[in-house]
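Asks: Please read through the structure below; I'll follow up with questions.
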Amino acid sequence: MEVDHGAAGNGNHVQQSRRSTAELSSGPPHKPPLVDDDGRPLRTGTLWTASAHIITAVIGSGVLSLAWGVAQLGWVGGPAAIVLFGAVICYSSTLLAECYRSGDPVFGPRNRTYIDAVRATLGDSKERLCGAIQLSNLFGIGIGVSIAASVSMQAIRRAGCFHYRGHEDPCHASTSPYIAIFGVMQIVFSQIPDLDKVWWLSTVATIMSFSYSTIGICLGVAQIVVHRGPKGSLAGVIGAGAGVTLMQKVWRSLQAFGNIAFAYGFSLILLEIQDTIKSPPPSEAKVMKKATAVSVAVTMVIYLLCGCVGYAAFGGAAPDNLLTGFGFYEPFWLLDVANAFVVVHLVGTYQVMSQPVFAYVERRAAAAWPGSALVRARDVRVGGAMAFTVSPIRLAWRTAYVCVTTAVAMLLPFFGSVVGLIGALGFWPLTVYFPVEMYIAQRRVPRGAGGGCSCRGSAPGALLCPLLPRRGPSPASWKTSRRTIPSAGRADRSKQLSIRLSGKVL
C-alpha cells in the first residue's frame, strides 16, 4: 500500500499551521485568561477591598449620631443594642453571601446582584418586589448622602463664623449651594465604570471614616476631662423620672433603636460587593464572610467608642451629631478638618451605593439595544497619554441620575426624615427576610428542620426594626408593610438534617 507522503506532509503542515494559529490567538500559555468563567472582565477584588467597600457603605456621618441613641438607652441598653444589631447583621450577611452562586458554591452560576439572586432562588414575583425595595432604597440613600455632605460643608462655614463672631451669632447658611457642589463632584466620579474600579475611592473613604471618628472620640475624651468625669446613667433618658413622660420614653427608645439598626445596613449591596472578588480558590463566599466579619467587628468597635464616649461627654444632652450639632466649638480648625473628612467619605459612600443602580439600568439598556451606538463603549484619549472608556448611555444616564438626586436633596429639609423613611422601608426585607428565605431555598432545608427553624427564628425579632424610626420624621412616615415569614411545618423534629453539596457534608 502506497502512502502519499506529499499529501501526508501537507496534512501535517496544515495541522501544524492550525496549532500555531491557535497558539497565537490564545496567547502565551503562561498568561492567565483576561475573563472570568462568566465572560466578564477578570475580577481583582480581595478581602481588603471588599472590607473597604463595606466600611465605606456602613460607616457614614450617622456614626456621629450614635451618642444620642446611647443617651436615650443608657449605659446598659445602648452598648447592648449596638452589639446585638451587629450580631444580627453579621449572621444574615453570612447567609446572603452563600447565595452568590447557585448550586455549587465554587463553580455554580453567579448571581451578580441582589436582584439576580432573588430571581434565581425565589422566583420572578419576589424579584420584582426586591428590585423595587432595593433600588428605591439606594436612590433614597443617594439623596440622604447629598444632604449629609452639604450639612458637613455648611458646618465648616459656621464653625469659622462662631469662632470670629461668637456663639451667640446664629451664622445661618443655606445648604443648597453645598448640595450643588457635591452634585458636580458626583457627576465626575460617577463616570467610574463599575464598583470594581471604585476600590481606591473606598480605601480613601475608609481612611477618612477612621480619621473623623477618631477626632470625634478625642474631642469627647477632652470634654470628659474638662468635666472631671463621665456623665450619664444606667437607664439613660428613658429611665429618667420627672420631666420625661411615658410617651416620650417609648418614642425616644424606638428612635434610638432605629438609629442603631440603620447604622449597620449594607446587605442591599453585599452581593454587588461580592461580585468584585476574584475567582476561587478560595470561594467568593469564604472571602466575603471574612470581609463581613472584619468589617462588622471594626464597625462595632467604632460605634461603641463614638456612642459611649459621646454619651459620657454630654450625658442626656448629647447632640444629634457630634461634629455638625456643635457639641464642640473649639478648636474650630479641628472641627473643619473632621467635617472635611466626612465630606470626602460621603463622596465614596455615594459611589458605592449608586454603582448598583447605574449597572442595573445599563445592563437593561444593553439587553434592549444590543450593538447600538448608545451602549457601545469608546476609548477617549485626553492629552495623548490618558485614556478613558466612555459610552453615551453611561454619560447621559449617570449625569441625569446625579442631577435628580441633587435636585431632590435641595427640596428636602431634614436629613433625619430621609434616612428614617429609608431605614423603615428597607431594613427587614433586605437584611433579614430575603437572605433567610434564599438560604433556606438554596440549601433545600426542609420545613421544621433545625437549620430552618433557627434561621427563621431570627426574623420575627428583626421584623420590629422597620418600626423603629430614626429621629426626625413624623409618625406617619414610619408606617411600613408587614410581611410575615411562612411558619415552619410539622416535620419530624427528631430527624437529623445533613446538607450535601458537591459530595461534601457542610
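A Cβ is built for glycine as well, from the same backbone N, Cα and C atoms used for every other residue.
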Asks: Can you check which of 47-68, 245-266, 399-420 TrEMBL lists as transmembrane segment?
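Replies: Checking TrEMBL against the ranges 47-68, 245-266, 399-420, the transmembrane segment one is 47-68.
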Asks: Between 132-152, 363-383, which stretch does TrEMBL give the note transmembrane segment?
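Replies: Among 132-152, 363-383, the range TrEMBL annotates as transmembrane segment is 132-152.
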Asks: Quickly jot the same-chain residues contacting the transmembrane segment (198-222) by Cβ under 8 Å, restricted to those at least six beyond its ends, or write none.
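Replies: Apart from its flanks, the transmembrane segment (198-222) reaches 45, 49, 51-53, 55-56, 59-60, 63-64, 67, 189, 192, 276, 302, 305-306, 309-310, 312-313, 322-323, 328, 334, 337-339, 341-342, 344-349, 351-352, 355.
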Asks: Test the contact criterion for the transmembrane segment (47-68) and the transmembrane segment (293-313): 3 or more CB pairs under 8 Å, pairs 6 or more apart in sequence, then answer yes or no.
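Replies: Answer yes: the transmembrane segment (47-68) meets the transmembrane segment (293-313) with 3 or more Cβ pairs below 8 Å.
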Asks: Does the transmembrane segment (293-313) reach the transmembrane segment (75-97), going by 3 or more CB pairs under 8 Å (6 or more apart in sequence)?
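Replies: When sequence-distant Cβ pairs are counted, the transmembrane segment (75-97) touches the transmembrane segment (293-313), since at least 3 lie under 8 Å.
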Asks: Report, as numbers and ranges, every residue of the chain located at least six residues beyond the transmembrane segment (75-97) whose Cβ falls under 8 Å of a Cβ in that stretch; write 'none' if there are none.
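Replies: Cβ under 8 Å, 6 or more out: 66, 69, 117, 232-236, 238, 253, 256-257, 260-261, 263-267, 270-271, 274, 284-285, 288-289, 292-293, 296, 299-300, 303-304, 307-308, 311, 431-432, 434-436, 438-439, 455, 458, 461-462.
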Asks: Within the same chain, where does the transmembrane segment (132-152) have neighbours whose Cβ lies under 8 angstroms from its own Cβ atoms, ignoring anything closer than 6 residues to its ends? I mean 6 or more beyond.
Replies: 60-61, 114-115, 175-176, 178-179, 182-183, 186, 268-269, 321, 323-324, 339-340, 342-343, 346-347, 349-350, 353-354, 356-357, 360, 401, 405-406, 408-409, 412, 415, 418-419, 421-422, 425-426, 429-430
